[in-house]
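Engineer: A single structure is presented below for examination.
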Amino acid sequence: MAVFAPKTIFLFHAFILLAHYYDQTCPQAERIILQAVYNASMHDPKVPARILRMFFHDCFIRGCDASLLLDSTAGNQAEKDGPPNISVRSFYVIDDAKTKLEAACPHTVSCADIVGIAAKDVVIMSGGPFWNVLKGRKDGGVSKANETINLPAPTINVSQLIQSFAKRGLGVKDLVALSGGHTLGFSHCSSFESRLRNFSSVHDVDPTMNNEFAQNLRNKCPKPNRDTTAGELLDSTSSTFDNNYYKQLVAGKGVFGSDQALFSDYRTRWIVESFAKDQSVFFKEFAASMVNLGNVGVIEDGEVRLNCLVVN
């Protein structure tokens, strides 16, 4: 029989309390957010991937406190203007939901909770699993561009990834499951072209990469490359949330070095293989890991911003 540590029991009770956080104060909150996300996704198919990435990039810096949404000011360069976040888009979707929520139930639903709920919505809309988003996060007031250096780069190895996730209380299984969010992703050439030419003193191309796939990417990302939009889908079924991403890693067709490394390292390879073999296992673990990620750095003494772009 499993023995739960006191902390685990606490989190379980917190789940019971916080899953229904807005039931009395703003019962229509989730419906309003879903509508905003759905409308935007109908007009722009890139919205789901962008919202999912937004949630990850927000939670990974100061915890899930919507600090990524804050605009820079004259005296401060904010997270959204840090190099890894320049390509984070679709903030307008969160702003749209916030405007409607302020009209329906003023000063009640935090921007941090909107991002968390929207991330769940885009996964479900794309064919992925459901999970209960724990609610009650408050919005943070600090956002610094230089802290975005702590986001995992697409070039780092598994030891660095494990360390980065561990600092946020996330385990190896969380790392591999959350990397599966790349099933909805796209990357520009700049994030992976170091794998295609002059990779090392011994290999011109990253030897963990499938040869045919590498040649295909070299054609898409020539040197010099004048097409700033050139790149590659991180998963060949990129508008569907599925386990194809892991199948590609098994075949040596991971786009990022950090993704392919998950299959090359004995600590993560077995998890990649289990997710590639059984999509339902991946879905179950992804849902659990999204709850874990949503618990990172939750603040209770923050505010509920009236406008997600500025502190009150």
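Quick reminder: no glycine exception, Cβ is built from N, Cα and C everywhere.
Automatic, uncurated: that is what TrEMBL annotation is.
Pulled these from TrEMBL:
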ACT_SITE  H57  active site, proton acceptor
BINDING   P152  substrate binding site
BINDING   H182  heme b binding site
BINDING   T183, T237, D242  Ca(2+) 2 binding site
SIGNAL    1-21  signal peptide
SITE      R53  site 'Transition state stabilizer'
Engineer: Taking 8 Å from the centroid of the Cβ atoms of T183, T237, D242 as the cut-off, which other residues in that chain fall inside it around the Ca(2+) 2 site?
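Structural biologist: Not counting the recorded site residues, we get G127, L184, D235, S236, S238, T240, F241, N243, N244, Y245.
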Engineer: Where among the recorded positions R53, H182 do you find the Cβ with the fewest other Cβ atoms within 10 Å?
Structural biologist: R53
Engineer: Measuring Cα to Cα, how many Å separate T237 (Ca(2+) 2 binding site) from the residue listed as 'heme b binding site'?
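Structural biologist: It is 11 Å, counting Cα to Cα.
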Engineer: Under 8 Å Cβ-Cβ from P152 (substrate binding site), six or more apart in the same chain: what's there?
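Structural biologist: The answer is F60, Q160, L161, S164, S258.
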Engineer: Between T183 (Ca(2+) 2 binding site) and R53 (site 'Transition state stabilizer'), how far is it from one CA atom to the other, in Å?
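Structural biologist: Here the two Cα atoms lie 11 Å apart.
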Engineer: Go through T183, T237, our binding-site residues, and report the one whose Cβ sees the most other Cβ atoms within 10 Å.
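Structural biologist: Of the binding-site residues T183, T237, the most buried by Cβ count within 10 Å is T183.
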Engineer: I'd like the number of other C-beta atoms within 10 A of the C-beta of the residue listed as 'active site, proton acceptor', please.
Structural biologist: 20
Engineer: May I ask for the distance between R53 (site 'Transition state stabilizer') and H182 (heme b binding site), taken between their Cα atoms and rounded to an integer number of Å?
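Structural biologist: One finds 9 Å between the Cα atoms of these residues.
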